[in-house]
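Going by TrEMBL, these are the annotated features:
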TRANSMEM  43-64  transmembrane segment
TRANSMEM  76-95  transmembrane segment
TRANSMEM  110-131  transmembrane segment
TRANSMEM  152-172  transmembrane segment
TRANSMEM  192-211  transmembrane segment
TRANSMEM  271-289  transmembrane segment
TRANSMEM  318-339  transmembrane segment
TRANSMEM  351-371  transmembrane segment
TRANSMEM  608-628  transmembrane segment
TRANSMEM  640-664  transmembrane segment
REGION    674-698  region 'Disordered'
Amino acid sequence: CSGFPLSVFFIIINEFCERFSYYGMRAVLVLYFKYFLHWDDNLSTAIYHTFVALCYLTPILGAIIADSWLGKFKTIVYLSIVYTIGQAVLSVGSINDLTDHNWDGSPDNVSLHIALSMIGLILIAFGTGGIKPCVSAFGGDQFEPDQEEQRSLFFSLFYVTINSGSFISTVVTPNLRAQECGIHTKQRCYPLAFGVPAVLMAVSLVVFIIGSRMYKKVKPQGNVMLQVSKCIGFAIKNRFRHRSKEFPKREHWLDWASEKYDKQLIAQTKMVLKVLFLYIPLPMFWALFDQQGSRWTLQATAMNGDFGISIQPDQMQVVNPILIIIMVPVIDYLVYPLIKKCKINFTPLKKMTVGMFFASMAFVAAALVQVQIDKTYPVFPAAGQSQIRLMNLGITPATVQFQPQLKSVDVAPNEATGYMTFETSKLQSLHIITESLNKTQSLELLEGKRYTLAFERLITTLDSSLMLDNVTSKPDEGQNLIRFINNYHLPVNVTMDDMAFGVLPPLSVSNYSNVPGGKLPYSIKASVLNSCTVVSKKFGFGGAYTISIDDCTNYKLNVTYFEDIAPNTVHMAWQIPQYFLLTCGEVMFSVTGLEFSYSQAPSNMKSVLQAGWLLTVAVGNIIVLIVAGASKLSKQWAEYVLFAALLLVVCIIFAIMASFYTYVDPNEIEAKFSEEEKEEDKKDQDDNEKQAEADSRM
């Protein structure tokens with residue numbers, strides 16, 4: 001098809017479905033840990049990065065299996081089966097009704113859900129990691145040696161396919177997660193968010209198998225990583241055996257392998273080790289980069305996602321692939337040429353150093369955003385303290401005196417004060433004074449609790465009600481908490497869309513109910529003698545509200561809104577600068593790093609460097625889980641600053657290491673060995689001819 005083997009189209013479709021499956025599942029994973037399994041932020045982050053680390057460790061195993069035993073085709077098929085099973089197990093483990101026997105909306109056996117989730121993730125890690133080094137190489141195998149142009153275009157299409165699958169799934173699966181589903185109780189729809197990627201992975205496997213007869217299948221030819229490992233191992237062992245001073249030193253410790261391995265393999269291994277030595281500081285970059293899916297997603301849950309349409313916290317990860325598409329051509333065709341015109345020698349290692357600096361600054365930006373978010377968090381009472389606020393539901397102003405002689409507060413009509421903190425043991429009562437009426441309200445408060453005292457002046461009396469505000473934290477997932485208070489002289493039956501809040505006697509309050517954030521206004525209905533309705537205001541994200549039912553005029557309900565907890569006021573758009581800095585860092589670090597590695601590696605050793613590169617990603621994720629597990633920092637912004645500082649230090653170390661590196665041309669070295677080999681062969685041939693001539697004379 002247009003010079004392409006038909007088989008490669010099956011491979012491209014397979015890759016799109018697999019990348020959709022992986023990135024779609026990964027996008028919602030940290031929120032699944034936090035909100036379904038109810039793990040705290042640190043544990044959720046640690047397990048997330050353990051999974052990602054495993055995904056980048058297993059490619060080495062997959063490459064060895066494919067090159068040494070099964071071949072690429074069978075390795076892809078067998079590990080894709082494992083992958084599909086893992087996705088299915090994870091999806092089943094996320095079904096709330098699986099163990100919710102009492103229909104209360106919470107799993108009765110969380111351990112079973114955790115076990116299924118962990119089994120699923122381990123299988124996925126082995127599947128996605130194992131096939132990672134095989135699929136692109138298998139696609140390259142489909143072309144003839146004289147089809148270099150088509151092969152190059154295939155790899156471009158392959159890269160576009162990866163980013164397309166990642167982009168679309170990161171948009172789609174968070175929306176699937178945000179839906180509500182369930183048999184007995186409605187929950188966030190994690191089974192659908194994991195189930196769709198599982199179906200896509202099954203489609204990926206089926207499509208790949210359908211093209212089986214069209215594929216060119218290269219037999220396993222041995223894995224060069226094993227050869228390099230054996231060469232290094234023999235050199236170390238041989239050096240240790242000859243550590244006595246009576247044995248002369250050799251120019252390089254790898255030269256101790258010359259007794260068993262040829263000079264060309266040893267020289268190529270030296271070149272590879274030079275590059276791998278530079279890889280030592282690189283994991284720190286990935287430690288920051290991969291927190292897009294963990295810490296940054298958790299940060300977005302405390303932000304305002306109203307962009308005209310509601311954006312889910314896990315959808316903010318899509319900013320990275322969008323910026324990649326924009327920034328790669330901008331940096332390659334605008335920034336680098338401008339730097340070259342300024343006659344600055346911007347070598348690949350210098351580009352990588354600048355990329356690390358940009359990533360460090362991205363976390364400084366994240367810390368600044370986090371400081372602003374922290375300012376919006378409510379302050380709850382500490383041990384030995386209680387909080388109380390005053391809500392005047394009447395039409396006349398009032399003064400409230402806290403006894404014994406603690407303070408006096410004026411409250412305007414239809415207004416509420418903020419929460420005031422008192423030592424529980426000292427606050428005994430309060431005295432409410434209006435124009436002509438007053439009342440003393442005794443208080444029996446519990447430590448660490450919040451209360452609202454609602455009052456209103458009637459014709460001849462002053463009525464009041466003390467309510468426990470049983471909210472101990474800001475609402476999760478950007479949801480809102482809504483409750484109603486009846487400020488009408490008759491009992492009312494309150495509903496909001498399909499949510500029933502029950503019949504409320506005068507000056508009584510309903511329980512809080514969860515309401516999704518950022519959705520369109522709701523219809524509030526109160527039934528008294530007649531049914532009265534009103535369209536609510538549009539609630540933001542992460543707020544708590546008390547809505548007062550005041551009266552009904554011409555079937556229109558009059559209500560007053562009181563803000564119990566302020567909604568998220570820091571907009572998600574403020575995350576874009578940190579994504580921009582990190583993406584600039586990625587383009588300069590990752591793209592340049594791979595290009596540098598391949599330019600400095602012998603032609604038959606590129607897979608060794610690919611394995612080393614993937615290993616740096618794995619180690620970077622291990623660094624995150626160690627810091628997340630061991631960190632004693634109470635503030636998230638401080639952890640961001642810590643990571644930024646660590647990468648900045650590593651950046652300086654890498655710059656020093658890079659200054660001592662000497663660039664080489666592997667092709668020249670290989671050509672030199674090839675010439676020497678030809679000369680030796682020619683010499684051997686001449687010797688054989690002379691020997692044959694001498695034999696004939698005899």
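Placed from the backbone N, Cα and C atoms, the Cβ positions cover glycine too.
The shown structure was predicted, so the numbers you read here are calculated from the model rather than taken from an experiment.
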Non-local residues, at least 6 beyond the ends, that sit with Cβ under 8 Å of the transmembrane segment (152-172): 4, 8, 11-12, 15-21, 23-24, 27, 136, 139-140, 143, 196-197, 314-315, 317-318, 321-322, 324-325
Long-range neighbours of the transmembrane segment (271-289), counting only residues six or more past its ends (CB under 8 A): 228, 232, 254, 349, 355-356, 359-360, 362-363, 582, 585-586, 589, 593, 596-597, 600-602, 605, 608-609, 612-613, 615-617, 619-624, 627, 643-644, 646-647, 650, 653-654, 657-658, 661, 664, 666, 669
Criterion met for the transmembrane segment (76-95) and the transmembrane segment (192-211) (at least three Cβ pairs under 8 Å): yes
For the transmembrane segment (43-64), sequence-distant contacts whose Cβ falls under 8 Å of one of its Cβ atoms, 6 or more beyond its ends: 26, 29-30, 33-34, 75, 79, 121-122, 124-126, 128-134, 223, 225-226, 290-291, 293-295, 298, 607, 611, 614-615, 617-619, 621-622, 624-625, 628-629
